[in-house]
Each structure stands twice: as structure tokens, then as C-alpha cells.
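> Structure below; questions to follow.
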Amino acid sequence: AAAGGGSRAGVGKGAAPPSPEAPAEAAPLTNNHVAAAAAAAGGEAEASAAAQSPSPSGEAVLLYRDKSNLYPGGVQAGPGAAALRPNGQTKSLVPQRLALEYIVPCMNKHGICVVDDFLGKELGGLVAEEVRALHHTGRFTDGQLVSQKSDSSKDIRGDKITWVEGKEPGCQTIRLLMNSMDDLIRHCNGKLGNYKINGRTKAMVACYPGNGTGYVLHVDNPNGDGRCVTCIYYLNKDWDAKVSGGILRIFPEGKAQFADIEPKFDRLLFFWSDRRNPHEVQPAFATR
């Protein structure tokens, strides 16, 4: 399972999308983008570890937009944001440092950024429990396409989704997660490319049932609708991509390489929502 969303801003459309065909000789990235950012921030040990480990993918998506207030009245950032640790660092970073020293340079250079151990095992586990409870209520429906022009959407997108504001009964920790993401975006705001982010969508909670379905190559914001950053939080404990698949594969525009993101528990992913980052969810053979 995963949760996520996107941001909106008044910036023009991205460049034309690359071919949906991945280059035959393309080599998967490891966490080279993570290593570079960690090294720039002085984290030599983290840079070394990241360079040797595969890039990350269970999901949560928050789409930030320019048409609503990022912080509605009375909403405070969740306490889980006070001790965020990128890529397994044991030394806590306050959200401002994490945003400015890691996320901003990583996004501006690579257009993709991964933060591991975002909430910690306890809070991440509570988010997962709340998502499972939501799933048991029957609220999840088939994921919809941006442009629904055929009856074959299940062949394109196999997830079940529901939208959450965080105010619903039983969603207290999901709300904390959303507030923690908001806090990071607030600190990044004005420094991510030319974007000025003023708000976001509800959280889309998604679940792939594990029957071999995925989501074919697509762009989150193909039509310039204002979404600029996609944030995904993964909830899959003990995920083994070699057995269960479910990798998120991103094909950054203009690069021969692709980035494979495993949907590992308590992992947070940021990437540009526009045509710079076509991506796919590979078939999942366990509930994701």
C-alpha cells in the first residue's frame, strides 16, 4: 500500500515526454542521486551506503497545488516530522535541515529524491494499520485515468484507491503523515526550481491487490494542470522486490538510465509530476 499526492504551481508545461520505450541498453540507477546529495551535505558514510544499495518502491501520494492554502487554519505540522532521517542516518535532522540540505539539492539536480525511515517503525506501523482499516470498509475503488478514453483501464492501471483529507475518523496518523509532508514542502517552497507551491490535493491511498497488476508507463501531470511535485510514502513491511515485484521505475527525461524504486516500508519519495518523469509500477505479486 502507499499514500501520496502532488503539488501545483504556476509554471509552464514540461518538455515533450520521452518515448514510452525504455532504451534497450538502459542500466538501472542505484542510489547515485542519493549518494551525490549526501556527499554534498557532508554525509560521507551515508553517501557510501547509498551508492551501494538499490534505489527504492508501497505508496502514498500527495499532490501539491497552487489553488488551495498549504496550511489551512489551525493545522500544525505533525510531531513525526521532528526526527526525520534520510537514507538510514542515525542522526536526526529537523525538517528544515532535511529539506534545505538534502531534498532541495537532490530534487534540483536529479528530479527524484528518496528519504528512508521517514516516520519510524511505530508511527509508520500506525499509518499502515489505518490504511488496512480503510481498506476493510470497502471505500477503495478502481484507480481512474487522467483521460478515460477506453474501457481497458484495468489493463493500464490495476490499483484500488481512496482519497483522504486526514479529518476522517480513524485517520489520525495519516493526518500526521500528511502534516509532516506539508512541513517539508513548506521548507522547500521557493527553492524547488521556479515553483511557488500554495497547496496540495487530498492524499490518494492506493493498494495493488497482488494479482500481477501494475500501472503502465504514464505521467502524473501530462496536461499542465498545475501539479508539480509528487510525494509517495510506502507502507510495505519486509518487501522483497525479487519475489513480489511492484517496483516503481522512473525514466528521467533525457537520460539513458532509469531509477528503480522499491516500495519499502517507511520510505518517502519525491519527484517532479510533469513530463520530465514518466514512470510505471511493475506487476506486483503480493498486496502492495
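Yeah, the Cβs are placed from backbone N, Cα and C, and that goes for glycine too.
Curation plays no part in TrEMBL annotations; they are all automatic predictions.
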> Between the candidate ranges 37-56, 97-116, where does TrEMBL place the region 'Disordered' annotation?
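Result: 37-56 is the stretch TrEMBL calls region 'Disordered'.
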> Can you work out the mean pLDDT of the predicted model over the domain 'Fe2OG dioxygenase' (196-288)?
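So the average pLDDT across the domain 'Fe2OG dioxygenase' (196-288) works out to 95.
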